[in-house]
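Per TrEMBL, the features are:
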BINDING   E11, L19, V55, W336  FAD binding site
BINDING   H126, G127, N128, V129, R170, R171, E182, G343  NADP(+) binding site
Amino acid sequence: MNDNHEVDIFEKLPVPFGLIRYGVAPDHPNIKNCTETFNHVASHEQCKFYGNITVGKDVMLSDLLQSYHAVILAYGASADKTMGILGENSKNVLSSRQIVGWYTGHPDYVNETVCLNTDVATIIGHGNVAVDVARMLLQDLKILKSTDISEIAYEALKKSQIKKVVMVGRRGPIQVAFTISEFRELSRLPNCHIEMHDPSIPKLSGLLKRKELNLPRRAQRMTQLLCELYEKQNSLNQSKNCIDLKFFRTPKEIIPDSDGRVEKIIFKINEMEDFTSPEGSKLRITDEEDVVNCGLVVRSIGYKSLSIDPSIPFDDKNHVVLQKAGRVLGLYCSGWVRTGPIGVLAQTMSSSFGTAEHLLEDIKRGEIPHNVPKGRDYIFDLLKKKGVKYVTFDDWKKIDKFEKEKGKEMGKEREKFYNVEEVLKFLEESK
């Protein structure tokens, strides 16, 4: 950090790390190692962390703009896309955000009602998040026990009756959005096998064998893996559990039972003009239908950003901040609120680096004002005046230490606080 620069970080939750803490699956602890960089920066004497602060409520964007030379919006995508079909509000129809927050212990979702007393769960979507959810639903409990999974979710998974997870996508095998590393891991789950019955798979297999399929490397490798699993499925289907991959399907309607809980979901069959194209061609929804009987539906069809303050220039159609190269009318933006909810962690980091570079360029060019009307201390005084209880980075270190110690007692990585009030109470008592 430059000696002349001071950085303040405002976070809605009382703890840092966002999706690293509450989005990365518990059985993927290595991905969370990137938090060390944040720890290094946030521990710097010129950096302050303000947790438990909601911009647009506790502090307004106008306050920030009058207190800092530059403001960067990096608050991600906090809303879910919906399917817009009949029955979507039935019981046990959840968004991926809800179920991921449930098993990672997010304060907003840890107490979600998730019923696993069904043989079949259906996931709508063929992205990495969908793969994560499928893997977590069928993961070996011995692996999960030592992770930072919420105890509520772990106890529910211990009693789970789910034996089959159906993963459904609108497009074909070549157009899947999940990465090969994520899917390969899913295909190697203990006591689990992959099932595929789509007629496009043997056609693709034949094209591959005859070397008549010219695809980019990523799509080529993925298609090869899917075809290999398709050809092996009859010899692997003695497993206790299975993942059933369905392609070319659009959700039409969810049918609930007499208690209002999902009982089945109806799909329309899609046709694609050229299913060998990596980008895919135009889909046509046919009158043919497929019915999946299931007691749990998880939609994993994407997220969207929301405006957190009325003064943010926001594109309500595309759900992103109006900007150019990360700059917007004296503001900067980074990550999903800039690009939309696309890409993996590395791409989001790249977006962040790019925004920081633009800011530094503007400083060098003298486009950043030298003086701000109120100054950095104004925010501190404002929060104090409002009686807002914020969490510092030193407070986070206490939380982190306590969670790890409690986790050690339970034989796991950490046991998180699941309630904001509990965090604030702990900090008050530890003074």
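Backbone N, Cα and C atoms are what each Cβ position is placed from, and that goes for glycine too.
The structure, with features from TrEMBL marked on it.
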{"residue": "E11", "record": "FAD binding site", "CB count, 10 Å": "20"}
{"residue": "L19", "record": "FAD binding site", "CB count, 10 Å": "16"}
{"residue": "V55", "record": "FAD binding site", "CB count, 10 Å": "20"}
{"residue": "G127", "record": "NADP(+) binding site", "CB count, 10 Å": "20"}
{"residue": "N128", "record": "NADP(+) binding site", "CB count, 10 Å": "17"}
{"residue": "V129", "record": "NADP(+) binding site", "CB count, 10 Å": "25"}
{"residue": "R170", "record": "NADP(+) binding site", "CB count, 10 Å": "21"}
{"residue": "R171", "record": "NADP(+) binding site", "CB count, 10 Å": "20"}
{"residue": "E182", "record": "NADP(+) binding site", "CB count, 10 Å": "19"}
{"residue": "W336", "record": "FAD binding site", "CB count, 10 Å": "23"}
List, in sequence order, the same-chain residues at least six positions removed whose CB sits under 8 Å from that of H126 (NADP(+) binding site)?
-> M167, V168, G169, R171, V176, A177, F178, L245
State the Cα to Cα distance, in Å, between N128 (NADP(+) binding site) and V55 (FAD binding site), rounded to an integer.
-> 30
What's the CA to CA span in angstrom from E182 (NADP(+) binding site) over to L19 (FAD binding site)?
-> 17
Integer Å value for the Cα distance linking G127 (NADP(+) binding site) with V55 (FAD binding site) is 30
How long is the line from the C-alpha of R170 (NADP(+) binding site) to the C-alpha of W336 (FAD binding site), rounded to the nearest angstrom?
-> 23
N128 (NADP(+) binding site): secondary structure state under DSSP, collapsed to three categories | helix
What is the maximum Cα to Cα distance, in Å and rounded to a whole number, among the residues E11, L19, V55, W336 annotated as binding FAD?
-> 18
Could you tell me the C-alpha distance between L19 (FAD binding site) and V129 (NADP(+) binding site) in angstrom, no decimals?
-> 12
Relative to the Cα of V129 (NADP(+) binding site), which of the binding-site residues E11, V55, W336 has the closest Cα?
-> W336
What kind of secondary structure is R170 (NADP(+) binding site) part of, going by DSSP in three states?
-> coil
